[in-house]
Amino acid sequence: MSYSVTLTGPGPWGFRLQGGKDFNMPLTISRITPGSKAAQSQLSQGDLVVAIDGVNTDTMTHLEAQNKIKSASYNLSLTLQKSKRPIPISTTAPPIQSPLPVIPHQKDPALDTNGSLATPSPSPEARASPGALEFGDTFSSSFSQTSVCSPLMEASGPVLPLGSPVAKASSEGAQGSVSPKVLPGPSQPRQYNNPIGLYSAETLREMAQMYQMSLRGKASGAGLLGGSLPVKDLAVDSASPVYQAVIKTQSKPEDEADEWARRSSNLQSRSFRILAQMTGTEYMQDPDEEALRRSSTPIEHAPVCTSQATSPLLPASAQSPAAASPIAASPTLATAAATHAAAASAAGPAASPVENPRPQASAYSPAAAASPAPSAHTSYSEGPAAPAPKPRVVTTASIRPSVYQPVPASSYSPSPGANYSPTPYTPSPAPAYTPSPAPTYTPSPAPTYSPSPAPAYTPSPAPNYTPTPSAAYSGGPSESASRPPWVTDDSFSQKFAPGKSTTTVSKQTLPRGAPAYNPTGPQVTPLARGTFQRAERFPASSRTPLCGHCNNVIRGPFLVAMGRSWHPEEFNCAYCKTSLADVCFVEEQNNVYCERCYEQFFAPICAKCNTKIMGEVMHALRQTWHTTCFVCAACKKPFGNSLFHMEDGEPYCEKDYINLFSTKCHGCDFPVEAGDKFIEALGHTWHDTCFICAVCHVNLEGQPFYSKKDKPLCKKHAHAINV
C-alpha cells in the first residue's frame, strides 16, 4: 500500500536510509529518530521509498538519494510503500512469580552495627492466613528474608527469643518433623552475603533436611510442598565406562568395600578414587596410618573477620588439617596434603568455592619425585627413532592429445613435392628434447599459399619450411596421437611402473601472436582502457611476419596493430565482424571492437549527463564522468587530475573551497587548517602565533589583553593613540 508524506522543513528530517541501486536493494527507511518530524508524520521503519519529490528512486544510488533529500527546498515530499514484513511480536514469556530459596547461612542471626543480634520478624502474609503452614526452613521471600511463624505458637503464647534455651530445645525437637520453627521477634535490618557459618555443622544439617523434605513432597504426589522446586530425574548413560566402573565397584565383596571406604573416607572423593583405580594409580600417593591419625586431629584456627568488600578465599582455607599441622614438614606428609588439595579441587565447586592451583604447585617433595605418577600425555623419548623407509620418487606425467607435438629433427625431413605428417609421439623412459635448428626459408619464383580446413596439412612443393619451437606448425592430431599411450603402447605399464622414477619432458606450443619483427625496436607502451587506435598498413616485402589471428605466415600486404601483425581480411571486430583496417578500434578483454560495438557494450556512463563516454574518462566518487561534466560547483572549471573537496555533496576546487568554507585567521588571512593551534577571541579565529599586540607584537596567548578598533593590545599599550 503506497502513501505520501510531506515533511515541513527545514531539516533535520529524523530518518535514515539504506539500500539503493548500487547496493542492489530498494531504498528503505532503516531508522526513525523518536520525536522527530519523521516520527510525527507516522513514518514506519522498513517502509520502501518509492519517490522523492516526485522523482522515482528505482534508478537512484544511495548517494543520489541523499543528495536529492539534501536539495529539498523547504518541504520534503516522500512517496512510500508499506513493508510486507509483519511487525515482530515479542515472544518473551511472562515472568513467573515463584518464591526463591533461602541461602542457609543467611538464616543465622547476623551481627548488627552496634554488636547486638539482629532478629527477623514474621511476614504479614503469615499473620493474615492462620490456616496456612509454610516451611520457613526451606523457602522464604528474597526481600524480607524471614520465616513464617506458626499460628498456634502465635495464639497460645509469646514468641521466644532466639537465644533462649526453650527456643533451642523446641527447634531441635522440630527438626525431624514438618512443623515450622519458632521465629524471633521484631524485624531489624540484617546483613547479607555474609560468609560466616557457610560451612558450619548446622548449615549442612539444614541442607540435608531440605533435601529430605523435597523428596518426601515428591513421593507424596500431593503437589510441591512449601514452594519447593521439582527435582528432575537424571538421565544415566548405562553404556558409559564410568557408569560400568561404578556398578562394578558396588558389586564388590563387603570386606573389600570396607577397605575401600576406609582408605577413601578421609582423603579423596569416591569419583576421584574410581578414576585412580581405573588408571592404576590408587597406590601412588597413599599416606601412611600416621598421616590418617594426624589429619583427624582438630587444629585451632584464627578467628574469621568479616568485611564489606567481597574477597576470594585464601589458599589456606582449602588446605587439609594435615597440611596445617606443624608436623607436616616431612616429605611424605607434604605429598599427602598436596594430594588431598588436588582431590578437593577436582571434586567440583561443592568441595571448595575457589579453586586455587597454588597448593598443587607447592606439593613437590622428594617422595613424590622418587615415584612420579604416570602422565596422561605422550611420553617423549630421547633415544633415536627407527629409521623411516626411504621414499620412492614417482613422477606421473599427464599426457594429453594435442595438435602441437614436437618432433625430433633427426626423424623429420620433408622432401619437396611429398606430403608429410608428424610422427606419432611415443613416450620413452627418459626422452631428451632437442630443438630443431633455425628455420631456413627459400622463396620460390611463384610462392603460393592456400590454407586448408582439413586436419592434414600439405605444404606446397616449392618452399622448404622447417618448423621451430617458437613458430611450429603441425597438422591436425592423427588417430594414434589422439588415443592414450597406454592403449597404443604395449610397454607403457612396464615403463611407468610405480617403482620406477620417470621424468617426461613435454612441450606444448599454444597459438599466440607473432612477435615484433625487430626485437630491438621500442617497446609498446600500455594504453589506457577505452583508448581508440588505428592499424598501420605495410606493403608486401621480404618481411614475412606471422598473423596474430591464424598464426600463419603473411605473404603480401599486412596490418600492424597492438604490436602484432595481421592479415587485412582477418583483422575484424570481434562482435559484428566489421573490417578494422581503415577505422578506429578499441582493445577490450583481449579482443578488438569497432567504435559502435564498444559504445554499445563496454563504454561507461557519465554520472551527470547519463550518456556513454567515448573519450577520456574521469573516475571520481566511485563513479565515471566526462571530463567536462565533473567540474567545480563554484567556478565551473574541470578538475583534471587536481585535488578537489566535497562540501554538501558538491565538488569544489581547492581555491574556492578555501574561500567559501575554510576558517581564516583574522590576523594573517590564511586558513586555519586541521592540526593548527588557534585562538578564538574578539569574535574571530586566530593562529596562536598571530594573536599579538598590534603595537609591540608581543604574543598575547594566555595573557590579559585589551581591544581597540577590533585589534588586540597588551596592557602596556592599552591606551595607545595610534593603533
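Cβ from N, Cα, C; glycine included.
Keep in mind it's a predicted model, so treat the numbers as computed, not measured.
Pulled from Swiss-Prot, these are the features on record:
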type: MOD_RES; residues: Ser44; note: phosphoserine
type: REGION; residues: 89-134; note: region 'Disordered'
type: MOD_RES; residues: Ser98; note: phosphoserine
type: MOD_RES; residues: Thr119; note: phosphothreonine
type: MOD_RES; residues: Ser121; note: phosphoserine
type: MOD_RES; residues: Ser123; note: phosphoserine
type: REGION; residues: 164-193; note: region 'Disordered'
type: MOD_RES; residues: Ser214; note: phosphoserine
type: MOD_RES; residues: Arg216; note: omega-N-methylarginine
type: MOD_RES; residues: Ser220; note: phosphoserine
type: MOD_RES; residues: Ser251; note: phosphoserine
type: REGION; residues: 280-423; note: region 'Disordered'
type: COMPBIAS; residues: 309-376; note: compositional bias 'Low complexity'
type: COMPBIAS; residues: 436-466; note: compositional bias 'Pro residues'
type: REGION; residues: 436-525; note: region 'Disordered'
type: COMPBIAS; residues: 490-509; note: compositional bias 'Polar residues'
type: MOD_RES; residues: Arg512; note: omega-N-methylarginine
type: MOD_RES; residues: Arg529; note: omega-N-methylarginine
type: DOMAIN; residues: 604-663; note: domain 'LIM zinc-binding 2'
type: DOMAIN; residues: 664-723; note: domain 'LIM zinc-binding 3'
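Overlay of Swiss-Prot annotations on the structure.
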residue: Ser44; record: phosphoserine; DSSP (3 states): coil
residue: Ser214; record: phosphoserine; DSSP (3 states): helix
residue: Ser251; record: phosphoserine; DSSP (3 states): coil
Spatial separation of Ser214 (phosphoserine) from Ser44 (phosphoserine) - C-alpha basis, Å: 53
Secondary structure tally of the domain 'LIM zinc-binding 3' (664-723) (DSSP, helix then strand then coil): 0 helix, 18 strand, 42 coil
Ser251 (phosphoserine) and Ser214 (phosphoserine), Cα-Cα, nearest whole angstrom: 29
Inter-residue Cα distance where the pair is Arg216 (omega-N-methylarginine) and Ser251 (phosphoserine), in Å: 28
Candidates Ser44, Ser214: member of the modified residues with the richest Cβ shell (10 Å): Ser214
Segment confidence, the domain 'LIM zinc-binding 2' (604-663), expressed as mean pLDDT: 87
Counts of helix, strand and coil residues, the domain 'LIM zinc-binding 2' (604-663), according to DSSP: 7 helix, 20 strand, 33 coil
Cβ-Cβ neighbours of Ser251 (phosphoserine) (radius 10 Å): 8
